[in-house]
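Report on the following structure.
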Amino acid sequence: MATATATSERFELAKHCSSRNWSKAIRVLDSLLAKESSILDICNRAFCYNQLELHKHVIKDCDKALLLEPFAIQAFILKGRALLALGRKQEAVLVLEQGYKSALQQTADVKQLLELEELLKDARREIDGILKSHATESPQETPAYHSEKSDEKSDKLDNHESGASSNGNSHESSSELGEQSKIVSFSKVASKASKQSDGNSDLCNGSVYKEKENGKCGSQINGYYESCKPCNGSDLHDNLAESSDRFGELSINGNKISIKSSKMSHKAEARCGISDESRKNKKYTIARISGTHSISVDFRLSRGIAQVNEGNYTKAISIFDKVLKEEPTYPEALIGRGTAYAFQRELESAIADFTKAIQSNPAASEAWKRRGQARAALGEYVEAVEDLTKALVFEPNSPDVLHERGIVNFKSKDFTAAVKDLSICLKQEKDNKSAYTYLGLAFASLGEYKKAEEAHLKSIQLDSNYLEAWLHLAQFYQELADHCKALECIEQVLQVDNRVWKAYHLRGLVFHGLGEHRKAIQELSIGLSIENTIECLYLRGSCYHAVGEYRDAVKDYDATVDVELDAVEKFVLQCLAFYQKELALYTASKVSSEFLCFDIDGDIDPMFKEYWCKRLHPKNVCEKVYRQPPLRESLKKGKLKKQDLAITKQKANILRFADLIGKRIQYDCPGFLPNKRQHRMAGLAVIEIAQKVSKAWRIEWRNSTKGTTKNGKKNRRRERTNILSQNRGGAGCSSSSFSETSTGYASLEDRSSGRSILSWQDVYSPAVRWRQISEPCDPVVWVNKLSEEFNSGFGSHTPMVLGQAKVVRYFPNYERTLTLAKSIIKDKLSVRSKKDKVIDLSKDEKIEKIMRAETCDELHNIVGEDFWVATWCDSTGSEGKRLEGTRITCIQKPGRLGYDFSIRTPCTPARWSDFDEEMTSAWEALCTAYCGENYGSTELDALETVRDAILRMTYYWYNFMPLARGTAVTGFVVLLGLLLAANMEFTETIPKGLQIDWEAILNVEPGSFVDSVKSWLYPSLKINTSWRDHTEISSAFSTTGAVVAALSTYND
């Protein structure tokens, strides 16, 4: 029976070959090879592929044949012909030479030997001809001509492969602030489509996706988490990759169709989401006889494919419609039409056609793969992976399908699976630059930075003009805070193509992160001259806002709000633009007022601030909060005086000293860019705090010598007089609000009693205000000024792990945090659920299992649900009392692989009260330590108790986390300011890899924190009294406008 079936199939094969119906012949060969692997049938299938000009399929079948029989001369001949057709002449010569040697070493068919010899001569002649023609061209023209022509020819002949083919086309799709991409993964890079406009794509935390519609592509920006910026350390806008808007060519071969992006030397490539090879291992030889109907069908299929390659999708669909009218279940035509639909973004129709093709021929690997790609473009990643996995059943270890599935796994944030798929793909296709790029992105997300860099560099090594790889590598370096390398990569992109707007956007981001906002504005303006994108508009608006050019800032914010979005994830930028426009108008109205009156916490409505912090839709804010007056009124109200903007010699001296001190705040850790604007802000704030505290201590000391210490201490506790803001009824203002408590310098000594009334909040408020004005788009606000949300525990959130992704800035603290969480669980024998219920862990040896857990995943599996544990801080002011520190949380988000492991610090009224009392006690202890016999001392040894008191106060501040954002930098700024007030200057840098705020958070005892920090801090202190010679900051930079000018003016 089996023999009869085989004979029947052989007869059918001969019939299809005679009628030139190569597609059906391939299907018969697939069937035969599924039953028995035959070298002859494999070569026959390669021959059929050759007739359809599916050269990459020819090569793969020949490679299979040569694995089974290293002396299969026919395989060498077919492979050599395929390589020649692809323009890979040097490879062809190597293959043919190897075949010729093999033929000579055995008793070979003389006809085949002569055919090999002739092919080899022809190939060598072609190479010689190319070299001669190149020698006659000018040095400048030769490289360009060779690059473009050879690539174009190669891709045209190579049009049947998927984007995952060995030429490594990139497949994009857009992702940014949300987790899901909203694009079509099908891209077109055929030479005739070169007239279409370039598309764009974005990349965040390393990921890249792309959206294409009617020749237009849109990029998105990534969202960022509260304390932690998207991994690149700069908050948002993390996706950069310029890609060509062209699509690859399409071909059909038996059960498959392929589309492949061509290599573009001037544009970043867009990986065509469709590709294929559906072979199950089968083939046979072919004769040639005519069969008019079959020839007609194949001819129309070829025409349809050609139309797809030309970008004429409507015509292609019309041709396929005619074929399907005659044969409604013809799988090749269904795949072709589905592909055309996919390019038109009619993804549902495309999926329907691919589904019908699968129903008609369940072994049609190409249909499974293309449907997977279409589903991935819709964000249906689970279903997409299922389809691609099914395709691998019919094409085991197919590099094309593995490449495709690796990309989908990457987009679905299954980075581990992505690495596995792409690594296997690259073992077979070592020249797949797209696979290397995505492998680099996946490794970066997993925190394997060395491997990520190597993968990106390998992609560039394969094609030095591959813009996508350069952009991803630039983004990678930016995330690690290696700005020099990032800028070098961007320069490489612009040398290849200076019209890539994403390169200017990324360079703008780097300059923004470095605090060079005016340079960022220049780059973003160039980017906007190329393409009007929401990313560039928003970022340029925020830069204008920071440097005090409020008219331009408002214009860009308005333009951001008016942009027609091509992806829902970008809506968050429009929300932020709304809030920041209001804040720009508020700041504009304050430019001529004293900087003390710049009071976001007191002037801005609590609801406005909450919605801004959470990036919520501003609808409720518009309805319930009084809006800022128009810009004309704000600017009229706050007209700047020229002397405010002038940098006098006196101001220049202060700025030099401020820059020197400010650099000391820099963390030497991955992800933290050296921001010169933030350094200057910190330096000026340090000096102001030192001046303010020094004056208060002098009064305290004078009073203590008069025997009035008791009254002074009492005064620090008493309720303070608030200075009313000058902006009642302004932007998002609450008419009944009051300013954050602040005390002017002059008022310190003007009190009737002559006693100091500085509180701990008076000490920290200047640092908070400077942080707010230095980067006005960061929501730095006091948490207790956030109305009802404060009661439900609004606070900061700092993730170390997000699913499988490791957050570059904070993951270094993961091991210590996990160890601390386990020790707390062992101590308490329980954890808390998301609903704040106690989860008992004292039974079933759970504690023992928890102590053996090495990852947060294992910890979550043992507990069995989302949970949190709270750290604590031993009180210094009230012996035996414990304050609630931060909450170490481990949760699993719906649809996300892995677990989110982070610290969250809620600030409820009860907790605020506890820390307020502790901070008051710590501040009083510091004042007592300095204002007694140590007052004015210039001996470091005599000031040790003062230093310890400063560190204890800093410890409680970090654990308190009273700000929605910015607690870390303001804490260290105040520490430096207090040391300077006591004549001690920190002259070194924070040790490499150390984040001082985490040192406080992960130590439950203040003494442990003090001992840890003093080991490197104290040896770096020197006595400095010359700082007192500088003019008071409140006098030199008295107005808000003068402060903004000081932060925005640099000699370079």
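Each residue, glycine too, has its Cβ placed from N, Cα and C.
For 146-161, the entry in Swiss-Prot reads compositional bias 'Basic and acidic residues'.
Residues annotated as compositional bias 'Low complexity' in Swiss-Prot: 162-181.
Swiss-Prot lists Ala2 with the feature N-acetylalanine, giving a large-scale study or a structure entry as the kind of evidence.
Swiss-Prot lists 131-181 (among others) with the feature region 'Disordered'.
The region 'Disordered' annotation in Swiss-Prot covers 704-739 (among others).
According to Swiss-Prot, the repeat 'TPR 1' annotation covers 39-72. For the repeat 'TPR 1' (39-72), the model's average pLDDT works out to 88.
The repeat 'TPR 2' annotation in Swiss-Prot covers 74-106 and rests on sequence analysis. For the repeat 'TPR 2' (74-106), the number of residues in each DSSP class (helix H, G, I; strand E, B; coil) is 29 helix, 0 strand, 4 coil.
Per Swiss-Prot, the feature repeat 'TPR 3' maps to 297-330. For the repeat 'TPR 3' (297-330), the DSSP counts in helix, strand and coil order read 28 helix, 0 strand, 6 coil.
As annotated by Swiss-Prot, repeat 'TPR 4' applies to 331-364, with the evidence given as sequence analysis.
Under the heading repeat 'TPR 5', Swiss-Prot lists 365-398.
Taken from Swiss-Prot, the feature repeat 'TPR 6' covers 400-432.
Annotated repeat 'TPR 7' per Swiss-Prot: 433-466, in sequence order, evidence recorded as sequence analysis.
What Swiss-Prot records for 468-500 is repeat 'TPR 8', and it gives sequence analysis as the kind of evidence.
Residues or ranges marked as repeat 'TPR 9' in Swiss-Prot (evidence: sequence analysis): 502-534.
Under the heading repeat 'TPR 10', Swiss-Prot lists 535-567.
Per Swiss-Prot, repeat 'TPR 11' is recorded for 569-591.
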Residues in the repeat 'TPR 5' (365-398) per DSSP class, helix first, strand next, coil last, are 27 helix, 0 strand, 7 coil
